[in-house]
Amino acid sequence: MKKIDKAKLFILDHLHLFRCPVCERSFEKMEGNQLVCTENHAFDLSKKGTLHFLLKPSKSEYSREMLLARQRIAQMGFWQPMLDILYPLIEAKDGVTLDVGCGEGAHSAYLKEKGLHGPVVAFDISKEGVNLGAATYEDIFFLVADLAQSPFQAEQFDALLNILSPSNYEEFYRLLKPGGQVIKVIPGKDYLKELRAYQPEEKRTYSNQDVKDKFTDHYSESEIHPVHYKVDLTDEEVSDFLKMTPLGWNINVSDTNTASLKQITVDMEILVGNKSK
Ligand SMILES: C[S@@+](CC[C@H](N)C(=O)[O-])C[C@H]1O[C@@H](n2cnc3c(N)ncnc32)[C@H](O)[C@@H]1O
Ligand SMILES: [Zn+2]
């Protein structure tokens with residue numbers, strides 16, 4: 001089946017998940033390849049099977065080249081040990097999962113492959129990221145949207161994945177079903193520390209304390225799961241690695257002793273909070 005037809009079936013089966021970002025009313029039908037709200041605002045379904053909900057264009061700092069590099073790094077397994085810790089923390093494997101700020105979608109794809117069997121919806125403000133995800137992965141519904149004007153109905157999601165991406169706690173509260181989970185992954189102080197050595201003085205150290213405090217303000221009974229491992233990179237992977245994160249963009253490979261970048265530290269924390277029942 002073509003991607004657009006598969007996506008159309010998904011939308012028709014899951015109309016209740018979405019709401020119009022313009023008037024906040026529900027969607028009741030598709031007209032051809034457009035999703036149309038009860039006030040007649042229409043959103044196009046692309047050939048790749050993605051919906052585009054941004055009301056104004058957004059400029060992302062990630063280009064397609066950088067996203068392709070990030071995808072190759074994800075596919076060589078860079079984040080898999082973290083995702084292997086995260087996967088068992090998802091309580092409702094058959095529930096509805098929303099990946100907030102999914103980038104090029106590799107994390108959701110890996111979790112789906114591991115056994116998430118409920119619907120997985122993934123969105124990002126970056127059209128390039130969403131296009132790459134939709135072109136690469138099956139069985140995830142990708143859309144372009146802004147978390148600040150999210151096109152989703154209230155209380156439809158069992159789990160929100162918020163992996164290295166921005167949060168909006170009021171919106172998370174609205175989106176989650178009672179008892180639903182926010183699973184937020186944040187860098188720890190040693191995350192990619194081999195890259196930090198090349199940064200200007202003020203960027204060499206990092207603390208996630210403010211982010212953690214904000215999370216625990218909203219979820220007082222939250223759990224914190226530390227993640228710490230190292231990944232060995234080949235020369236080719238070092239070059240992708242430098243492209244995939246803003247921390248690598250100021251590093252000139254020819255001037256740099258890349259030996260120090262052949263083993264990279266991944267230091268993260270997974271924060272889990274539940275909305276009260
Ligand atoms: C560091 S990337 C992480 C992407 C992916 N979760 C990963 O771990 O590879 C942060 C992502 O958040 C997205 N983002 C930033 N602001 C957003 C917003 N208001 N709504 C949706 N996505 C947003 C960016 O476009 C970017 O893809
Ligand atoms: Zn509308």
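Yeah, the Cβs are placed from backbone N, Cα and C, and that goes for glycine too.
Residues or ranges marked as domain '23S rRNA (guanine(745)-N(1))-methyltransferase N-terminal' in TrEMBL: 18-54. TrEMBL lists Cys20, Cys23, Cys37, His41 with the feature Zn(2+) binding site. Taken from TrEMBL, the feature domain 'Methyltransferase' applies to 98-180. If you look up TrEMBL, you'll see Glu104, Gly105, Tyr191 marked as S-adenosyl-L-methionine binding site.
Location within the structure of each feature annotated in TrEMBL.
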residue : record                               : contacts (Cβ under 8 Å, 6+ apart)
Cys20   : Zn(2+) binding site                  : Ser26, Phe27, Cys37, Thr38, Glu39, His41, Pro151
Cys23   : Zn(2+) binding site                  : Cys37, Glu39, His41
Glu104  : S-adenosyl-L-methionine binding site : Leu67, Arg70, Gln71, Ala74, Gly129, Leu132, Gly133, Thr136
Gly105  : S-adenosyl-L-methionine binding site : Asp99, Ala122, Gly129, Val130, Leu132, Gly133, Ala134, Thr136, Tyr137, Ile140, Phe142
Tyr191  : S-adenosyl-L-methionine binding site : Tyr206, Thr265, Val266, Asp267, Met268
**Asked** Got a sec? Which of Glu104, Gly105, Tyr191, the binding-site residues, have CB under 6 Å of any ligand 2 atom?
**Response** none
**Fill in**
For the domain '23S rRNA (guanine(745)-N(1))-methyltransferase N-terminal' (18-54), the DSSP helix/strand/coil residue counts are 0 helix, 18 strand, 19 coil
**Prompt:** Average pLDDT across the domain 'Methyltransferase' (98-180)?
**Reply:** 97
**Asked** What other residues of this chain sit with their CB within 8 A of the center of the CB atoms of Cys20, Cys23, Cys37, His41, the recorded Zn(2+) site?
**Response** Arg19, Pro21, Val22, Glu24, Arg25, Phe27, Thr38, Glu39, Asn40
**Message:** Counting Cβ atoms within 10 Å of each candidate's own Cβ, which of the binding-site residues Cys37, His41 comes out highest?
**Reply:** Cys37
**Asked** For the domain 'Methyltransferase' (98-180), what are the DSSP-based totals of helix, strand and coil residues?
**Response** 29 helix, 25 strand, 29 coil
